[in-house]
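Have a look at the structure below before the remarks.
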Amino acid sequence: MVKATVLGASGGIGQPLSLLLKLNEAITELALYDIVNSPGVAADLSHINTPARVTGYLPADEGLKCALTNAHLVVIPAGVPRKPGMTRDDLFKINAGIVRDLATGIAQHAPNAYILIISNPVNSTVPIVVEVLKKHCVFDPKKIFGVTTLDVVRASTFSSEIIGSDPRDVRVPVVGGHSGVTIVPLLSQISPQKGFSEEQIEKLTHRIQYGGDEVVKAKDGAGSATLSMAQAGARFASSILDATVKGKPGIIEPSYVCLDADKEHCSQLKDAIGGLEYFSYNVELGPDGIHKIHGLGEVSSYERKLLESAIPELKQNIEKGVSFINSKL
C-alpha cells in the first residue's frame, strides 16, 4: 500500500500534479489537502479508472492530520504563484509561513515520509522544512528533496530546439539552486555531446535561468509555470517511487538537497561550493532515498564563473530560510 499526499492540491500546480499522480499505478491511495476545494478535486479525480483511491481534506476536522497519516510520499506545491514584477523574495514573505506550518504537520503525522518541496522559493523553503523537522527530532536528510526537475526539463527542451533533436534524448545537468543566477546549466556536459558557440551558450544559459519569467509574462498576470512544473514534479515523484517502492537501481535525478545526506562524498563537494549546506546536484536514489550525491565533474571556465555568482546568492537564500524558523520557534 503506497499513500501519496499533495499539500496544496487545489492550486495551479496542485491540480495537474494530482491528476498525474492519479495516473501512477504505484500509488494506491492519493490524499489531497488544501484550504479550499480539495474535496471537489478529489471527487473529480476519483472517477479515473486507475488503482489509487482519492480523498480530499480541508483544515477542518483535523484534515491535515488525516491527509498525512501513513503517507509514504508528500509533495508540497502549496503557496501563492509568482506574478509579473514579483521576486522570489516577495514570494518568501507569503510562502515561508505556509511551508513552515505544513512541515510541522509532516513532523507530527508523517515523520518517515519522503518530502518533495515545490513551493517557491525552493532555495529557502527546503531549509525551512529541514529546520522544522530538526526541531521535532525527525530530520532525515536522505528524505528531503527540493524539486528542481523543471530546470533540467527546460534545459533539455531549449537545447534540443537548437540541436534539432528529440528533447527526450537530450540531457543537460543543472546544478546550484532553483532561481535566477543560482540555476547553473552545465552545457559543456550535455549528452549527446554538442558544441555550442559562445553566443548560443550565453543565450541558452539565460533562457534556462529565467524560463519561469517567460511563462509569467506570457500568462500576463494569470499565473506562473504550473503545467510544466506539475509534470516535472510528477516525474520526480515517479522516480522516488521507482527507487523506494519498486527497488529500481541506478535512478539519477537532479535535486536541491541537504548535503548531510551523503557525508561520505560531500566534504569535497562542499569545499568546491564555498561550504554551502544545500545545493542541487545529480542525486542517485536508493531504497532509503538519497543513495549518493554526484559531484560537479569537469566544468568550463564560463560555468565556473556562473557558480561563483550563484554561491553568494544561495548562501543568502539558505540563511533566510534557516533564520525564519530559528527566529520564530
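Every residue, even glycine, has its Cβ placed from backbone N, Cα and C.
For 3-146, the entry in TrEMBL reads domain 'Lactate/malate dehydrogenase N-terminal'.
Annotation for Gly12 (NAD(+) binding site): same-chain Cβ neighbours under 8 Å, separated by at least 6 residues, are Pro81, Gly223, Ser224, Thr226. As annotated by TrEMBL, NAD(+) binding site applies to Gly8, Ala9, Ser10, Gly11, Gly12, Ile13, Gly14, Asp34, Asn95, Ile118, Ser119, Asn120, Met229.
Summarising the annotation, TrEMBL assigns substrate binding site to Arg82, Arg88, Asn120, Arg154. Within 10 Å of the Cβ of Asn120 (substrate binding site) there are 24 other Cβ atoms, across all protein chains.
When pLDDT values are averaged over the domain 'Lactate/malate dehydrogenase C-terminal' (148-324), the model yields 95. Sequence annotations record features per position, and here TrEMBL assigns domain 'Lactate/malate dehydrogenase C-terminal' to 148-324.
Residues or ranges marked as active site, proton acceptor in TrEMBL: His178.
Counting every protein chain shown, the number of other Cβ atoms lying within 10 Å of the Cβ of Asn95 (NAD(+) binding site) is 24. Non-local contacts of Met229 (NAD(+) binding site) by the CB criterion (under 8 A, 6+ apart in sequence, same chain) comprise Ile13, Leu17, Pro77, Ile118, Leu150. Its Cβ taken as reference, Arg154 (substrate binding site) is surrounded by 27 other Cβ atoms within 10 Å in the chains shown. Here the domain 'Lactate/malate dehydrogenase N-terminal' (3-146) is broken down by DSSP into helix, strand and coil counts: 65 helix, 26 strand, 53 coil.
Here Ser10 (NAD(+) binding site) is compared against the recorded positions Asn120, Arg154, His178, and the shortest C-alpha distance is to Asn120. Calculated from their C-alpha atoms, the gap between Asn95 (NAD(+) binding site) and Asn120 (substrate binding site) amounts to 7 Å.
Here the CA atom of Asn120 (substrate binding site) lies 13 Å from the CA atom of Gly14 (NAD(+) binding site).
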